[in-house]
Structures are given as structure tokens and as C-alpha cells.
């Protein structure tokens, strides 16, 4: 009986006599399209079933957070005093801890060593109405059941009787309706319901749970105003500025408001504003989900909409003709669009979590603020790089030139030189000018003439801030001018709390900006445009270029076309992705440095340090990186250790992983192949060791594989190093 060797999905690889079988097997495990015997229908079914597994993992993970906080955390103590108790994520059980470590990590009122939570879950659960450990346990158990249900659903949809057919997967209108109405619309409506029935009453000291849920009116007039059209009643009598969150003191009765600004005590958005926001989104999306033609012969057809989109001027050729089938038949195109959207949204989450904090007391937990910002920006970067990667794979595997003749997609390819060269020009302009300004300022400081620095006020950005109501700059226009119509309307009609919030120095709305911000803004613009240049060029040149017209025949990732064809190395679409990730990490480094340093000054009440030191490179290196590393690297020293020691160690460990990346990035395949052959020679001639044999002949990783291993270590090390720096430097200052 012959045992089937890994990988089962590729007979060719399973029969490979070398260790390539293992590494290529792992590398192509998720490339379902290219597996043996894969049909289009089976491909869709496999991916569909895997979505249930994904949801199960997410629910299980969230369930674990709830469970560990309920079991080992201090949620009930934190609720009593959110600003003075440090939230505990979970206990640490480590038999290696000496007494100093046990004492250093015993905090937050715990009886033994614990980890402090910097994820914001305490603030989130508190805001949505949870108050006891029992609430957390119930949530945890519910999510465990939900995860189980999703796992079962995933299994079920792989059974022949319950596998949807290909036509079901390609029914674009039904899917649009379902996702718009069902997922976005109804879930937003359900969330509005939770906020109105549970969270808002809890914020006013009224405890609503399943036992009194149906007997407690969320508004004194019940549904009467809704049915009589007197909707304004729901906005009357909002919570006052003196409201104590979680109590009835200073509370009102409004459930759907348009107050704007922040709750003065919690520094977070008004719950009644958020309920109103989700209700509006629910209405919009439920309506949107009834717009597409399915069973009843009414509504829009996506195909008809796209076929009709031809610019009357003729300047866009065939417009959107042919795009319906191109998108609907390409999973890579769809994934590219989805990743581009989600990546952008993820970056917006990073921006809004600190500028418009939705959770009570989040704004006063500085380490959590910094962590959430950094976390969401890095994730956005990876997701957006993935969008272009799948865009490139679409061009190689799925694009049909005949079906897209003269449409906007074909026209993008036809004028790709103009697109790529413009991005190149912008990147060069930004790079030389920004670096030139920074370096000039360094030289002036170094030569003892700091007054000769070139310091440019960002007047256009300040003008935009002023038009939204920021008065600090003295630009009298629109909302920053008390005699303007916009200002008058803003007082009564919409968001009366906005102008107070935007001119309050205790939050992060429309921060005051100067020459340092102007420079770092352009440094970040350089990073964004260079990353985009590499990604866009990779996708637009994926099918071929003047240098290599037959590139698409070589697939998504290839190292070179042999020794006989010079210049074909490093030009696969995969290589563009690989290079772009380095630029992405570089850019997000600048973004997070900027956010963190500027906020450290605001939180410490010392904004002048950023303003004075951020205009030259040595200022960034000395007053941000070096100065904020000092406490971190003293987590352990000759005199002992403290609670930052774990971050000190992780800082070193991150550097180690990062440096390991270069080992794979700098020394290439031939070096490893020679080394491996030497090691095999030695192994076979060493007593005892020579008893151990293997079937696969050891060979080095391919060039592309070595690059991906190098990239993975570079990325992981880079992020772990900064995570340790960020958490240690922030928590050391603010506890």
C-alpha cells in the first residue's frame, strides 16, 4: 500500500524527490485554483466554507478575551473607578519568576502577576452597558456557541447536498441585496436597538437585562412619537454637561440626538449621537439592499448599469462595457476591491479612534490610544498591499483582452506609462524636497545658525481647520467667524457641541499644526506615493512590459527567465509586492512616530518639544527615539528589574527577528545550496548521526521563497520592536 505524500493537492509536487516538495507544498496550499482536479464550482464552494471557519475563529478569539477578563481580570473594580484602576487582561503563570518579578507584575489590585490590557476592551464593554463579570461570562458563552454553529455551518456547506452551485455564487444582485440589507442594514439596526435599550439606560444608571428588557421603556413616551411623526421628541432633553456616566445624575431622556462633541466626563462621543448614527446607516443600507433586480423583475441590473456607462464625450472609449463579467468571474478582482475598501476603512478607524473616541474614558487611557492607532495603521498597510497583489494576479490569470476591448480597464493598461511616470515624478519631487528641507535644517543647527532653518507654516491646512471652526489661527471664516451664517446655523440646527470640542485643548480633534507637521506630512506623502508607485507598476506591468512582453506566461512569482535572458530578474508582480511592503512599513513607521510623538507632548502638556525638535532629523532621532528608549532599556539593569523588563526583552527580541530577515534577504540561493550540500556531506560521515536518513534530497529554498521568509522576519521584527517601544515609553510616563 503506497502512502500518499504531502501535498495531496498536487501529484507533481508529491512526487518531487527533493525537499522542494515540502516548501512548495506549504507555499501553494492556499492557491486553490492550481490544485489538481479543481473545478471552478469546487473552488467557490471551498472558499465559501472557509468563511465560516474564519468567523468561528474570530468569535472564539473574542470569547477568549471575555472569558479571561471575567475569570482573571478586574472589570468590576475598574467599573467603579475607570481612571484610577489599571485594567487587567489576564493573569501570568510563570514558574521562572523570582520575587522581584512577582512583585513588579502584581498590579491592578491583583493577588499575583498579571498583564495590563491596552486593547480598549474594558472601555468598550463598559460603554455598551456591561457592568459585571457575569455579563462578560454570558457574552463569552454566547460567542462560544456562535463559533460552534459557524464551524458546523462550514462543515455542512462542504457536504454534497448542501453545497451551493456556481450560479448561486455568481448571482451578483442577490448577494448585493443580502450584504447591504441583511449584513450592514439589519446589523446596524440591531446595534441601534442595543444602544437604545441597554447601553443608554445603563449610562443613566438604569439596569436593563433579559428579565426587565420587555417591560422597561427606553423613552418615556415609548413609540408614540415614532408613529405620530413627532420624531423630534426623541432628541429633546439630552444628557447635560454635568452628567456622571453610569448614574442618573445630570442625565436626560433623549435617545437619538445630534449634539456633536464629547461627553465632558468620559471625553467620548455621546451615546445618543452614536445611536442616531447607526439608525441612519441602517435606514440607508436597508433601502440600498432593495435596489437590485432579483426575483420580481424590478430594480437595477448590475450588468445593465455597467453596459450603459459610456461617457457621451467618447473620451472614455467603451466605458464600463464588459466589466460585469470581468469582475463577476474573477475572484482576484473581487478580493482586490474588498481588500482596498477594508484597508482604507481600517486606516480611518485608526484616525477616528483617537480624534473621535467612541468609548467612555478611552481618551484618558493613553497607552491604549497609542496601541490602537498603531495596530490599525499596520493592519491597514498589509491589507492594502494585498489589494494590489490580487489586482496583479487578476491581470495575469483572469484578464481577457478580448472581453475588455476599449473599456476603462483596457485604457488603464494602454496608458500605464503615463500613470507610472507621474507617480515616479511625484515621488522624486516629494523625496528630494522633503529630505532637502530636513537636511538643510540639520546643517543650520549643526553650524550654530538655527535661525536660518526653513520653517514653513502649513497655511492651507490651517485654513481648512479654521473653516471647520478652529479659532486658534485667527483666520476669520465660516465656522471660526462668529458672525457668519455657517456659525449661526451650527448653533441650533446641527452639532452644537462641535465648536466647543474643536477648540478644546483636551482632545485630539484638529490638532494645532506648524512647520514640524508640514515636514512630516510631506515625508509621509513621499512614503505613500512611493509605495503606490511600486504596487501600481507591479500590477500594470504584470502581463508584460517592453523589457519582457511575455511576462504573463511566467505567472505571478518567478525569479528570472534563466541565465540567457538578462534583465528579467526581480520584475515579477510578486517582486513588486515584496518591495512595496518594505516601503509600506517605512511609511507606517513615520506615521506612527508622528502620531506618538505629537501626542506624548499633548498628553504631557508640553507641545513645544515636538514643535521645536521635529523640524530636523537629529531632533527625531534624539528627542523622540533615543529619549523615549531610555526607560525601556532600563527595564532590567545591574540594580534589578521593574515592570518594563518584559518590554525591554521584547525590544531586543524584535531586533533579533528583524536582523534574521537580512540573513535571507542578502545571501542568496547558491550560498545556501553549497552550505546544505556541505552539511549533508558532514552528516553522512558523522558516527551515530549517519544512522538518521531522509527520503527527500535537501535543496535550498527558491529565490522567491527565501525572499518571503526574509520579508516575514523583517516585518514581524520591525513591528514587535516598535510595539515594545510604544507600550513601554507610553506606560512608563502615564502608568
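Glycine too: its Cβ is placed from the backbone N, Cα and C atoms.
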Query raised in the report: Pick from 274-292, 293-311, 312-330, 445-463: which range does Swiss-Prot record as transmembrane segment?
Result: 274-292
**Report entry** Distant-in-sequence Cβ neighbours of residue 672 (phylloquinone binding site), under 8 Å, six or more positions away
**Finding:** 700, 701, 706
Report summary line: If you count CB pairs under 8 A between the transmembrane segment (176-200) and each of 274-292, 418-440, 576-597, 644-666, the winner is 274-292
Query - Among 560, 569, 663, which are binding-site residues, the residue with the most C-beta atoms within 10 angstroms of its C-beta - result: 560
Query raised in the report: Do you know offhand how many angstrom separate residue 569 ([4Fe-4S] cluster binding site) and residue 671 (chlorophyll a B3 binding site) by C-alpha?
Result: 18
Report task. Could you tell me what the rest of the chain brings near the transmembrane segment (518-536), counting residues at least six beyond its ends with Cβ under 8 Å? Result -> 385, 388, 419-420, 423-424, 426-427, 430-431, 433-434, 437-438, 456-458, 461, 576-577, 579-580, 583-584, 586-588, 590-591, 594, 614-615
Query raised in the report: How long is the line from the C-alpha of residue 655 (chlorophyll a B1 binding site) to the C-alpha of residue 663 (chlorophyll a B3 binding site), rounded to the nearest angstrom?
Result: 13
Query raised in the report: CB neighbours of residue 671 (chlorophyll a B3 binding site) within 10 A?
Result: 12
Report summary line: Per the Cβ filter (under 8 Å) with a sequence gap of at least 6 from its ends, the transmembrane segment (331-354) is approached by 43-44, 47, 120, 362-363, 369, 372-377, 379-381, 383-384, 386-388, 390-391, 393-394, 397-398, 508, 595, 599
**Report entry** Whole-number Å value for how far residue 671 (chlorophyll a B3 binding site) lies from residue 560 ([4Fe-4S] cluster binding site) (Cα to Cα)
**Finding:** 18
